[in-house]
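Read through the structure below, which is laid out as structure tokens, and then see the notes.
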């Protein structure tokens, strides 16, 4: 008599599935996300800082007019986040990324062809490209990471978000040469982005997948979770709702720390180049400083990837706000001469690592299932700071003191957030998905 085969042929249920049989697609997806953010995040942020400054120089914009596109850009990223979270819930990560990067293509073509006034620059860069970055890059890709990675989330975030630093290291000096000292080549920069946006739109549409289970896999590449003994009851993962998050002190601490980090970054991106040029530096020299900013940010992301999976990522975030504050003070007082490169180094380490700590902290404290809604709310509320900092800095600018007051105030808020994160996010969270 032939014994019945009691082993399921389903790879997700088979006991033989304890050993992985094929390459984990999460790593392929991580590579796709990396290149998408290289184009979608690094180019508009680091490249936009150079191109928009050159545009303002070429078209005769005031400093307030220079700050307006970045104010709306950061505002659009934050204010559209709840809508983007809804898009992710309805049409998935894949098509949200595809639509977002197609918008990046449209915005880049518009910047290259029709922009000639501050209002047009604000609409095209701030509005269209801002929405493109919100939907086609950061929030959407960050939402996918907790689905594919559990034990290595901080590492995955660090690898993915290193795209902004890696992109900045390449893009900044290249655009410094392309736009020229007189700023006349700035439209060429947008044509380059348009071509890259077309490529990542196609990548998103063809290679992105929603969940490991869609390919018969489990998070982290495990073929099957460890078997549970018959006398044990599996622990049910806790799901945190947005309503529950709103009543927690750590949620509001993350909001404040995110707002301050975003304000610091938007201030640097909108006015950092102009501040350095005011101090006597040439555009090409500033481009090399931005490379230092990007490379130091890359090193910081690598460190966060190692530390964030071993220690409370909120504490790592608090530590990184210290060099951020020191970099802002350097920009205020000693950016002349070699101070430019010290400023770039400190800001790169601080903000470069902090942008990894933010999603890692959210995922650590609210879990994968609550990530999109909580992160959407965080991005929405931090948008006020992202919008306000460049506009207020442009308003406060004077030919005598430059941007010093704005940099000093922002540095003070960074140091205050060190204490907030240490106090209200000290408890490690367990039992989340």
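Cβ from N, Cα, C; glycine included.
Remember, it's a predicted structure, so these values are computed and weren't measured experimentally.
Residues or ranges marked as domain 'Major facilitator superfamily (MFS) profile' by TrEMBL: 28-429. Sequence annotations record features per position, and here TrEMBL assigns transmembrane segment to 23-45, 65-88, 95-115, 121-142, 154-178, 190-208, 251-274, 286-307, 314-334, 340-362, 374-397, 403-425.
Just going by CB pairs under 8 A, the stretch in 23-45, 65-88, 251-274, 374-397 that sits most against the transmembrane segment (154-178) is 23-45. Tertiary neighbourhood of the transmembrane segment (251-274): same-chain residues 45-46, 48-50, 52-53, 56, 63, 66-67, 70-71, 74, 78, 245, 283, 286, 290, 314, 317, 321, 324, 328, 331, 347, 350-351, 354-355, 358, 361-362, 365-366, 374, 378-379, 381-390, 393-394, 397, 403, 406-407, 410, 413-414, 416-417, 420-421, 423-425, selected by CB-CB distance under 8 Å and a gap of 6+ residues from either end.
Ranking 65-88, 95-115, 190-208 by CB pairs under 8 A with the transmembrane segment (374-397) puts 65-88 at the top. Proximity of the transmembrane segment (286-307) to the transmembrane segment (340-362) is established through 3 or more Cβ-Cβ distances under 8 Å for residue pairs spaced 6 or more apart. In this chain, the transmembrane segment (314-334) lies apart from the transmembrane segment (190-208): fewer than three C-beta pairs between them fall below 8 angstroms, excluding pairs fewer than 6 positions apart.
For the transmembrane segment (23-45), the list of distant contacts is 73, 97, 100-101, 104, 125, 129, 132-133, 136-138, 141, 144-145, 148-149, 156, 159-168, 171, 193, 196-197, 199-200, 203-204, 207-209, 212, 215, 217, 219-221, 265, 269, 294: same-chain residues at least six beyond its ends, Cβ to Cβ under 8 Å. On the 0 to 100 pLDDT scale, the domain 'Major facilitator superfamily (MFS) profile' (28-429) averages 87 in this prediction.
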